[in-house]
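Student: My structure is below; once you've seen it, I'll send some questions.
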Amino acid sequence: MNDFKSIIGKLATGVTLSREESAGAFDAMMSGEATPSQMGALLMALRVRGETVEEITGAVAAMRSKMLRVTAPADAVDVVGTGGDGSGSVNVSTCASFIVAGAGVPVAKHGNRALSSKSGAADVLAALGVKIDITPAEVGRCIKEAGIGFMFAPTHHPAMKNVGPTRVELATRTIFNLLGPLSNPAGVTRQMVGVFSRQWVQPLAQVLKNLGSESAWVVHGSDGLDEITISGPTFVAALADGKITTFEITPEDAGLPRAGADVLKGGDAEANAVALQGVLDGKPSAYRDVALLNAAAALIVGGRANTLKDGVAQGAQALDSGAAAAKLKQLIAVSNAAA
């Protein structure tokens with residue numbers, strides 16, 4: 001543990017860690033080699049100074065090296081948010097995932113239970129009847145047979161159990177809130193990632209580029225949402241062809257009307273499940289619009305759409321034809337057929 005002590009000593013003087021040093025430190029934490037006080041010191045030193053792209057890249061590499069992997073097609077996408085935006089909104093990325101799958105792009109969705117809302121991806125999917133506590137092989141079967149699978153983070157990241165108690169005791173946001181969405185167990189290289197703060201939009205796109213992502217959008221809504229919002233502009237860093245570009249988009253760019261963030265307020269898992277099913281059943285609402293907008297971006301990332309308007313049109317077709325709703329039914333059936 002001398003290496004860990006020297007790393008904490010470096011951080012105490014304000015020195016930033018190299019990618020390799022960060023990977024080594026996070027490997028030690030997730031292997032159970034670091035003590036709780038050492039972990040707390042490192043996490044808070046990074047939080048207070050602000051984590052660098054190299055430090056996050058190393059930490060994600062360590063987390064990915066320990067995860068239980070899932071087999072998925074090369075063109076699979078993930079639509080995921082960091083959570084922790086404090087909005088308590090409906091489950092946008094989860095709903096968008098079924099739309100994307102309904103439009104013909106395989107989805108390897110990674111998620112967890114609620115962080116700051118009453119209902120995270122795992123909560124709402126369980127309420128809809130999806131079996132979430134299945135093995136990596138069974139998730140792979142879901143993706144193959146249903147075109148969408150859900151990877152429940154605790155199942156695929158068992159090493160996180162060594163860090164969990166320290167995170168709970170710190171009771172504040174740490175680098176781990178950023179690592180989960182970047183550590184997809186299916187190894188997807190096409191990601192739509194929502195973040196809780198604008199400051200992370202460009203850096204996380206750079207991290208994904210460092211780690212070999214082919215195509216990605218990292219987004220933050222101007223109203224604070226860790227998704228693309230319909231209440232105003234959304235800040236985007238897009239990775240394509242090895243280059244990162246930053247820009248803003250609005251609902252109007254996709255041909256969608258604006259709506260206040262308040263209309264996207266969610267409830268508990270059961271209430272959010274009813275709302276999500278309503279969108280899949282073709283009911284018009286602001287929830288449908290925001291899900292379509294996020295699905296459109298994911299379809300661009302997945303190489304299926306060229307513009308947001310094109311993506312919205314494909315997503316609307318997936319909803320109105322019943323294809324998106326069929327994906328949920330298939331996921332429920334295949335996941336529950338698991339032993």
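One-based numbering along the chain as shown.
Heads up, the Cβ atoms here are built off N, Cα and C, so glycines get one too.
According to Swiss-Prot, the protein has these features:
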type    : residues                                    : note
BINDING : GLY81, 84-85, SER89, 91-94, 109-117, ALA121 : 5-phospho-alpha-D-ribose 1-diphosphate binding site
BINDING : GLY81, ASN112                               : anthranilate 1 binding site
BINDING : SER93, GLU227                               : Mg(2+) 1 binding site
BINDING : ARG167                                      : anthranilate 2 binding site
BINDING : ASP226, GLU227                              : Mg(2+) 2 binding site
Student: Please report the DSSP secondary structure of the residue listed as 'anthranilate 2 binding site', reduced to three states.
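Tutor: DSSP call for the residue listed as 'anthranilate 2 binding site': helix.
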Student: Need this for a regression test: binding-site residues GLY81, SER93, HIS110, ASN112, ARG113, ARG167, filtered to those with Cα within 10 Å of GLU227 (Mg(2+) 1 binding site). What's left?
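Tutor: Qualifying among GLY81, SER93, HIS110, ASN112, ARG113, ARG167: GLY81, SER93.
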Student: For each of the binding-site residues (HIS110, ARG113), count the other CB atoms lying within 10 A of its CB, then report the residue with the highest count.
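Tutor: Answer by Cβ density within 10 Å: HIS110.
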Student: In the three-state scheme derived from DSSP, which category covers SER93 (5-phospho-alpha-D-ribose 1-diphosphate binding site)?
Tutor: helix
Student: Counting Cβ atoms within 10 Å of each candidate's own Cβ, which of the binding-site residues ASP226, GLU227 comes out highest?
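Tutor: Per the Cβ count within 10 Å, the most buried is GLU227.
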Student: When the Cα of SER93 (5-phospho-alpha-D-ribose 1-diphosphate binding site) is compared with the Cα of each of the binding-site residues ASN112, ARG167, ASP226, which one is closest?
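Tutor: It is ASP226, whose Cα lies nearest.
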Student: Using all protein chains in view, find how many other C-beta atoms are within 10 Å of the C-beta of SER93 (5-phospho-alpha-D-ribose 1-diphosphate binding site).
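Tutor: Other Cβ atoms within 10 Å of SER93 (5-phospho-alpha-D-ribose 1-diphosphate binding site): 26.
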Student: Taking DSSP as the reference, which of helix, strand or coil describes ARG113 (5-phospho-alpha-D-ribose 1-diphosphate binding site)?
Tutor: coil
Student: Over all shown protein chains, what is the count of other CB atoms within 10 A of the CB belonging to GLY81 (5-phospho-alpha-D-ribose 1-diphosphate binding site)?
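Tutor: A count of 28.
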Student: For the binding-site residues listed here, SER89, ASN112, ARG167, which shows the highest count of neighbouring CB atoms within 10 A?
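Tutor: That would be SER89, with the most Cβ atoms nearby.
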Student: Out of the binding-site residues listed (GLY81, HIS110, ASN112, ARG113), which are within 10 Å of ASP226 (Mg(2+) 2 binding site), Cα to Cα?
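Tutor: Hits: GLY81.
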Student: How big is the gap, in Å, between the Cα of ARG167 (anthranilate 2 binding site) and that of ARG113 (5-phospho-alpha-D-ribose 1-diphosphate binding site), rounded to a whole number?
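Tutor: So the Cα of ARG113 (5-phospho-alpha-D-ribose 1-diphosphate binding site) lies 15 Å away from that of ARG167 (anthranilate 2 binding site).
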